[in-house]
Amino acid sequence: MHQLKKAALIVAAGMAFSQSGFAADKTVWITLGDTAFQQLQQAIPAVRSVQNSQQSVAGFKAATHHSEAVHVVQLSETQLLKLSGIVHQKLNRCGGFIQHSSKEEAVTALYAQPKTLAALARPSYTIDNQTIVSPMVAQMQATNIAQTIIDLSNFTNRYYKTTAGTNASNWLLNKWKTMSSARSDILVEQFTHSSYPQKSVILTINGTDNAAETVVLGAHLDSINLNGTTETTLAPGADDDASGIASLTEILRTMLANNYKPRRTIKLIGYAAEEVGLLGSKDIAASFKAKNANVVGVMQLDMTNYKGSPLDIYLYTDYTDSAQNQFVANLITTYQPTLKIGYDKCGYGCSDHASWYNQGYPASMPFETAFTQDNPNIHTANDTFQNAGGNADHSLKFARLGLSFAVELASDGPAVGDKVENFSGSLTKGQSKSFGPFKLKAGGTLTASTTGTGDMDLYVRKVSVPTTTTYDCKSDGSSSTENCSVNSTTNTDVYVLVSGYAAGNYALKVSYPAQ
């Protein structure tokens, strides 16, 4: 993860970097949140904000939205390292910055508010693939995850500029290729980045009849030791983030063992260069946006194997998608009902999910602990498998969650011959409008979705008109982008209610197999 855990490393890091691989202490441009900027300026008074702007941060409801000042700053790479230490020491959280290739790119990012892509298809968040998911979840094994963590942490380091960092990327490429060699519908390739040698690794399982829509699961393959970044510096990165890559690998193994073939395309991504400002994921998410790719969901697994908090899985609610977060929570209660869910925030740019969020894609990040209780050994030579407990039991929870996320989303697609009805209008705050009845055929699923301005909430109910307190399905995220689905074993009438949580316009789409 993109942060520092030992305050004492701040001074040591500056000394180590004078002997590291950086040539003449290169300067870089970053964007960072205001609280981190204030601490940086106290420590290095010469640092100045070149430009700043207020950015909106999503909450679960419109009432919980808030804005955060974000700054454009130029730093040396030594100062960038020091920034990570300052933020952890003073704020007990991630470094909170994103690195950019130029001042112009940083300024553009400053003013680019995330907007959902026009072509983006919101999936149904109905959990209806238990017969597929449950057997696979039961087959997943912590010992497999443990072995991959050990294998990756055996590299001297996985720093994005070192030979070992390049070798780690090649190792993952070959491992995933070997695992999937019998499948002609799977492609494993590397994504080349222009300014450093480490490559990201992307595995693609092509969808069958809905391949234009994509589900992404990612983790970062690089590691860092903030005492130095030489070829011989030890940075095992067992928890940060070999554990995430290992979780993805067990997801892949399980899908392959069951010959699972998704309707939507699935991509598993090992990102390069996360630790230095989300560089790898920034390039990849931007490339998807440039192609107007229809990514229906993104999950980031960054640190999954250190249980430092009383609850099991923590969902981070800032710079993520509230509707998808609720879906992820529902996946946990459905497929791992004994687990306890927590919620927290990690601030600006704390991991690779932020790169997708900034491009307008729905992203979620389940995490191993509450934010201030994560692994104290990360970014040091002590981030080892043994120091996270010597087993992968905690990671198994995240691997199971990731698999249920991938399979539930990727098993769906538009039903052939569904009737589609479209409606539009406007509502004031507190006003509602009902639609229906829609004559749903036995064995079918009705899906309702809204887009628009303001904050519209969506309710669906069989037999009778829903209310905001009586419904079979509700979707009440922080915008007017909502989705709700119901199914029925018999012919039935279904009704839809759109309610204005905040005033705005809506476009309602209802699709279903008609009687």
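Each residue, glycine too, has its Cβ placed from N, Cα and C.
Listed in TrEMBL for this protein:
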| type | residues | note |
| --- | --- | --- |
| SIGNAL | 1-23 | signal peptide |
| DOMAIN | 201-389 | domain 'Peptidase M28' |
| BINDING | His220, Asp240, Asp302 | Zn(2+) 1 binding site |
| BINDING | Glu275, His379 | Zn(2+) 2 binding site |
| DISULFID | Cys346-Cys350 | disulfide bond |
| DOMAIN | 438-499 | domain 'Peptidase C-terminal archaeal/bacterial' |
Across the domain 'Peptidase C-terminal archaeal/bacterial' (438-499), what are the DSSP residue counts per state (helix, strand, coil)?
0 helix, 36 strand, 26 coil
Under a three-state reading of DSSP, tell me whether Asp240 (Zn(2+) 1 binding site) is helix, strand or coil.
helix
Which ones, of the recorded positions Cys346, Cys350, His379, have a Cα no more than 10 Å from the Cα of Asp240 (Zn(2+) 1 binding site)?
His379
Give me the non-local Cβ neighbours of Asp302 (Zn(2+) 1 binding site): same chain, 6+ apart in sequence, Cβ-Cβ under 8 Å, ordered along the sequence.
Met1, Ala219, His220, Asp240, Asp241, Gly244, Glu274, Ser351, Asp352, His353, Met365, Phe367
Including all protein chains shown, what's the count of other C-beta atoms within 10 A of the C-beta of Glu275 (Zn(2+) 2 binding site)?
30
Could you pull the average pLDDT for the domain 'Peptidase C-terminal archaeal/bacterial' (438-499)?
94
Glu275 (Zn(2+) 2 binding site) to Cys350 (disulfide bond): how many Å between their Cα atoms?
9
Cα distance, His379 (Zn(2+) 2 binding site) to Cys350 (disulfide bond), nearest Å?
14
For His379 (Zn(2+) 2 binding site) and Cys346 (disulfide bond), determine the Cα separation and express it in whole Å.
17
